[in-house]
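In what follows, a structure is listed as structure tokens, so that the remarks can point back to it.
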Amino acid sequence: MAATVRFGLLVAMFQAMSRDRTAAKKRARLRALLDRAYGPGGRDDYFSALRLVLPGLDRERGSYGLKEAALASVLVDALGIAKDSPDAVRLTNWRRGGGFRNAGNFALVAAEVLQRRQGMTSGGLTIKEVNDALDRLAATENSVCLESEKLLLILDRSEKASILSSLIKKTNALEMKWLLMIILKDLKLGISEKSVFHEFHPDAEDLFNVTCDLRLVCEKLNDRSQRHKRQDIEVGKAVRPQLSMRVNNASSAWKKLHGKQVVAECKFDGDRIQIHKNGEEIHFFSRSFLDHSEYAPGMSKVIIENILVDRCILDGEMLVWDTVLNRFAEFGSNQEIAKAAKEGLETDRQLCCILEWIASYVLALCVNILSCQDFFFSNKRESYVAFDILYAGDTSVIHQSLTERHEILQKVVRPLKGHLEILVPTGGLNIHRPPDEPCWSILAHSLDDVEKFFKDTVDNRFFPTSPNTDELSNLSISLMIQFRFSDYSICYVLREEGIILKDLESKWEPGDRSGKWLKLKPDYIHAGADLDVIIIGGYYGSGRRGGEVAQFLVGLAVPSDDNSYPKRFLSFCRVGTGLSDEELDALVTKLKPHFRKNEYPKKPPRFYEVTNHSKERPDVWIESPDKQSVRFRKHLIYCITKCRSVIISITSDIRTIKSEVFAAPYSLRFPRIQRLRYDKPWHECLDVQAFVDIVHSSNGTTHRAADDDNDLKNVKNGGSFSMNLNDSVTHCIAAEKKATRQGRIIHYSWILDCCKEKRLLHLQPKFDPCLQPMHKFPEEIDSYADYFYWDIDISDLKQIFSNMDRAVVDSNMVHHYKKKYCADERFCFFQGCCVYFYHAPLVNADYNVISDLALKRVKQDLTMHGGQVCSILAPATHLIIVSVLQAYNFDMLYKSLPPAERRYLHDKRLQVVSNKWLEDSVEKQTRLPETTYSLKPDTLEEIEIERSEETVQPCNDKLEENEKADTSHVKHAPRKRGRPSSSASRTAKPAPRPVRRTRARRGNQHAKIDDVEPEESDHGETGLDDQIPDTDNISKMEVDSFDKDQVSARPVRRTRARRGKQHAKIDYGQSEESDPGETGQDDQRLDADYISKMEEDSSDRDQGAHPTAPRVVRRSRAQRGKWLAKIDRETGPGETGQDDKKLNADSISKMEEHAHDKDQEPPPGAQLITLDEQEPKGIKSSTTETPSSPKHERNQTVLRRDTAETTSSATCEKMEQMVDPLHAMLLDMIPSLGQMKTDVGNRVAEAKAETNPPWVGSSTSSYVAPVPQASASSASSSGVPAPHAGSSTQSTGVPAPDPTAGAPKKKKVSYKDVAGALLKDW
């Protein structure tokens, strides 16, 4: 089956899994692939796919010998490109950043290079062919391991290049990328091997743990539906070792094992090895399941002779025994000794070992430990320490307790000192140890036993010395210097890696880390002293840190002879952990200007002394630790030294190691960065001599001393410390602001100040960095955390100010006080203006400088006079277009803004002006009205508001009752144009929340909130039956329209500027859909009682016009009463006609009484003018044919007052008009329609005028409207003609064209009239 499954199918799964975010989706894709590609007949081929999914667990193939660096060079040869070509350099320097993408990810970098040389079509390579090619690639490495000639290495590299070249020809770039990741055994799929095993079969992980054989797992568990009986371990098959859990201190470890029998063992610093003995066949399996056959020459004979059973499995540690010092050697020499036993002393590394051995031999001769003949033959050898047994004879013992396994171990293994040892509390190493050394393993009965054993193991295991040890050490070191081997010195201390605590009743579990074994290491307890070292180089990271420096090469200073600043630095170690991402980014940003690329084999900077070892060689150097600059100032010359590098404080394991990689005599194990020392200059870093003194002081002979009674006590200032937040805790010092949820947070400076003052200080605001809501302490503290009865200083005041919530402060209040206490009004007339400056783009880029200067100047003008500049459009009150060289209109602005910001332009509060407004205001030292300079069209706001505002339900109880009476009309009323006609469409979406419109509060009256009725109640588009109106009802509704809430479509609120002591006027415009000429018959036949009730409540409610009323000006109840009273006085009782007698007498009397109580004169400065008769745009007036009735005259008089109130706004207010989008579109398409005046249109107008109220489409010679005195100049300046005598005004307040000006260029007509005119011949 694998012969037919394409590799591209597996690659597609890899790509999908790398994009998925959840592990469940990844597992599902793996399951789908296994079910799809491997059906019931192909289950035996699961191994061919899983070995590619889990390349790290495939032990049959072995090692490829190709990591990133070697793979890059082989790939360059396979592609046949020059080594100095850009692509070859890109592959070689895959970690480096710069302008490259995917830096730090070798597979992605290689895919970029391959993409330019490979096609996108797959070559149809199968999974079997891929496995065969990878087997050949691994076979070349395994065959070359038998030889060490350079020629064979070159041949091996060429053979690998040919294999990769053949794969490149049969794959595309995507498939080759995943092949390289399989070779590197790092797929980065984001799914664990445990998840893969569980998706393959529920018992797969358990079987792999005891066999470590992926093929066996795939063959035995090919049917997912059948469970497998748990298999035991077998000799010859590697077993996953049992692991230990890390603990930070002895007390926590003892709590986990409390109540159990515990054994404490020394944790050796060697290689974890399982020894499998099957007769004379010996295997040495590491924890990675690899068989280390190099240990066989030195250990096989010892194991065969001293293990008393034919078949067994031992678990232990492979170490090196130093026969000269009679101790275990330091970590790192295992492999060297194994190779020395196998190949002889031929390499340079073994030559270095010889020099070490010579120095040790001289020391041994002086202390008479060893004869000269024995030195070269028995100085160091391999030694195995077994601490557990898993198999003995023909039986697995992993299910027995640790106590029983220790007993079996003592029976099976015969210890041989320096070769084979066992680690048990009652024998083995404990018997062979010198009398003055601590035990290697003990039974712990209490926490004190554990702590004592840990201290003895880590701090007090030394080589026994004689009185002349110091002299011998000097002799040894001088001898090493004579051999030019000064990078090494002799370490007489044996510091073990830590201790292991084990439960004696526990069973041996493969791969388990559940807490039955606990490890305690010295670097978990207390690290070595912090070392202040200097950064001299950097290494690029991989993965998410790819392309950026992620690790640093640090150095030690070499002391100068003349006591001046150091001039040379030795490479010391490589460190990269310990910093957060933010700290690391800040450090790299600071050092990046001083990085210099390391172009090996060029020499490093002259300040640094390095070994040029491949593991030491950094990617970048710091040019120099210091930077001197000579400056001249008049007759004075002075030199300034600046620090280019940074000092960092590092810590590590307390054990130091000899190093061949770095130039310093010692290096550190597991170094990590503690903190950044920006406060230290470069010349104060640690020098070599001081570091050597630290090492020697820790390596000298120590004696167990009595406990120091001079340590600081916890009761120095009377307080106590608690690890847990219990009831006894009175104060808590937190590290994060999240602790504010638990209570008040106190700054640590409070403790320091209390200690300094020798008394308990009061908690002042400066000690509370996270001020809590003060409702908890209202009797002591105010809303800003200021105590009523405690004095505060400047620091307290600053803390209070810094914690104030600026959002709770009313901006209007701030502006009020700024304006009130401003010294000069000339510098605050822009107060309250938040301006967004739109920089118009320039066609010619050469004028950018001029434009930038202009923008900078207008911003300064704004801020100097109290305004604010905002960077986003949302909070802006003004949008100023800054255009220097070309005119920029609103259409250009609207098109250039993104859709998300265009909606802000429809806000009536946003003023869109040119920069001329700001310049003129600054020149006149006052804020000029924006209307003259406005660029926003008149109709933009109205149309968009009508489309975007939400509908609301009326909040008045009486109106709700009236709506119930008018339900039939609402049901049969047609919907607006463009809305779906089905009832389901209306109910599919829930009704939006009502839009509450709040008016300003006047005096002691409450602010008015009017709710607009939803669009379903719109009566402006009723059917054909509504053409027969009830004149009496209409007349009553006309009179009451100023006292009733409007129940039509949403009105558009227009707020005019406040004049003097009068309140700002708000006028509500009616949309075109509420044309009274289209109201239905049912809408006109209203009950007389209903009208009377509306009239009675006119003085108690603030309501809008009836749906059939035009757009009118909304005013307060007091103003309406005075205006109505004035109307009655002007018309008089003699002017009323017969039609007026049809009104309800009670209703009229109540209205007159209400009107006489609230009298109000017209606003000052308004003059009454008479408008000539003119038909409003294609609609013939009916007033010339039918005598106007008194009730019509009354309504016209009301409209005169409304018009006067509308037109008497601020001097520069622009007149607004409603423009229907369809109407405008038709006029643009057929301009001649604006000039047409057909009989059909007149007939339609006449027919509509018969049913319309008097204010719609009609005007008489007595139509009067007040006009502001100063409106002419302002209107002319804004581009809008001012109304004058003899002009006609529509009911919406839009000025009609002047009759003396001739025919208009574009005459506005109703789109229904246009449709009727277009369809008249049809």
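Cβ coordinates come from backbone N, Cα and C, glycine included.
Site annotation for ATP in Swiss-Prot covers Glu265, Lys267, Arg272, Arg287, Glu317, Glu497, Lys502, Arg513, Lys519, Lys521, and the matching candidate from Phe387, Phe595, Phe607, Phe662 is Phe387. When the binding-site residues Glu317, Glu497, Arg513, Lys521 are compared by Cα distance to Lys267 (active site, N6-AMP-lysine intermediate), the shortest distance belongs to Glu497. The DSSP secondary structure for Glu317 (ATP binding site) is strand.
Look at the domain 'BRCT 2' (825-935): DSSP puts its residues at 51 helix, 18 strand, 42 coil. Neighbour counts were taken as the number of other C-beta atoms within 10 angstroms of each residue's C-beta; across the recorded positions Lys267, Arg272, Arg513, Lys521, the minimum falls on Arg513. In three-state terms derived from DSSP, Glu497 (ATP binding site) belongs to neither a helical nor a strand segment and is classed as coil. Neighbour count (other Cβ atoms within 10 Å of the Cβ, all protein chains): 22 for Glu317 (ATP binding site).
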